[in-house]
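What Swiss-Prot records for this protein:
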type	residues	note
BINDING	Cys97, Cys101, Cys104	[4Fe-4S] cluster binding site
BINDING	Cys142, Cys179, Cys239, Arg309	[2Fe-2S] cluster binding site
DOMAIN	79-314	domain 'Radical SAM core'
Amino acid sequence: MIAVLKTPLSNHIKANTKALFSSLPKTKNELEISLDDLAKQIISGYRLSREEAIILTQIAGEEDILLLCEAADRVRQACCGNVVDLCSIINVKSGGCSENCSFCSQSVHHPGEDSPIYGLKSTEEILDQAKAAEAAGAKRFCLVSQGRGVKYNSPKSTEFEQILGTVRQILAETNIKPCCALGELTPEQAQALAEAGVTRYNHNLEASEHFYPEIVSTHSWNDRVETVKNLKAAGIQACTGGIIGMGETWADRIDLALALRELEVESVPLNLLNSREGTPLGGLLKLDPYDALKAIAIFRLILPKQIIRYAGGREAVMGDLQALGLKAGINAMLIGHYLTTLGQPPEKDQAMLKSLGLQGGETPIATNGL
């Protein structure tokens, strides 16, 4: 069991790490020593402050960023092990969404050409996809629906009841664990999902509270937080993360990670923006893969015990550097296709894991606090 530090950092942390947070070391060797010491402190239970995390964002240059990744990877190994949590998703209802999320091609405010429009898929079709995901190695299968939330749908009860029935059918006919991402939930809906057998629910914060109004105006960041609290109160694990590369600052990224830590979410999907033509963010330059690696590493240092998941955009942004993310703090992957874009074949992902000495499976949640 990891010991939790009871007294301030100044009473524990070594001189090398103190130096890291007073000014960044000038040589590669000094930086490596300082980051190694920081990793040891985090493994022992130290929690990074906002100011310390922002200092880490000043690390620049490919070689130094890779040193940061190595430190994060040591934390990942010590706190999470070498099993990579594999999941898959299905878009059970697509297009025509009332919300104006700037990154999403399913919005009625800016529909993308690559976004199909269809109603809720049948239980049989969803079940077939669940079986295919299980055969590909996924341990969880998430039913994702467009829209602000099922509580806003009309007729309100029919679709939600169908989803509950589909969840029960998946549990009866497969060994894969069904998850859901249906938008905002009332406490009663969260409880109904828990009773049907849903143990994890995806509802991303997407960005920091400060940056959120820049990308969405039809609902608030606090609306999202409320749903996360509702599902956790029902005993459902929170799969809650965000998107990197929407024009946010490094401080915004740190604030998102800290908010996730405060909410004690269990799983953190990190999407790397793969901008879609026709959306307000369609013209943004692609995120630099080394900035993505730096973000992944800092998220791991802030969230040492959480499942941190490669989600949408990893192929488009990381390209041939995808494997480096798995050595920078990532310990989970979404395999197969995404909501409106294609992913790489699961066999390629499995081969990548094997080449890194990692094993696909299901990562247990930390039982001694997040």
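In case you wondered, yes, glycine gets a Cβ from its N, Cα and C as well.
Regional average pLDDT for the domain 'Radical SAM core' (79-314) in the model is 93. A C-beta separation below 8 Å, combined with a sequence spacing of at least six in one chain, links Cys104 ([4Fe-4S] cluster binding site) to Cys97, Arg276, Thr279. Annotated [4Fe-4S] cluster site Cys97, Cys101, Cys104; additional same-chain residues within 8 Å of its Cβ mean position, judged by their own Cβ, are Glu99, Asn100, Phe103, Ser105, Gln106, Ser107, Gln146. Set side by side, the binding-site residues Cys97, Cys239 differ in how many other CB atoms lie within 10 angstroms of their CB, and the most is found at Cys239. For the recorded [2Fe-2S] cluster site, residues Cys142, Cys179, Cys239, Arg309 set the reference point as the centre of their Cβ atoms, and the other residues of that chain within 8 Å of it by Cβ are Cys87, Ile89, Arg140, Ala181, Arg200, Tyr201, Asn202, Ser267, Pro269, Leu334. Rounded to a whole number, the C-alpha distance linking Cys239 ([2Fe-2S] cluster binding site) with Cys101 ([4Fe-4S] cluster binding site) is 19 angstrom.
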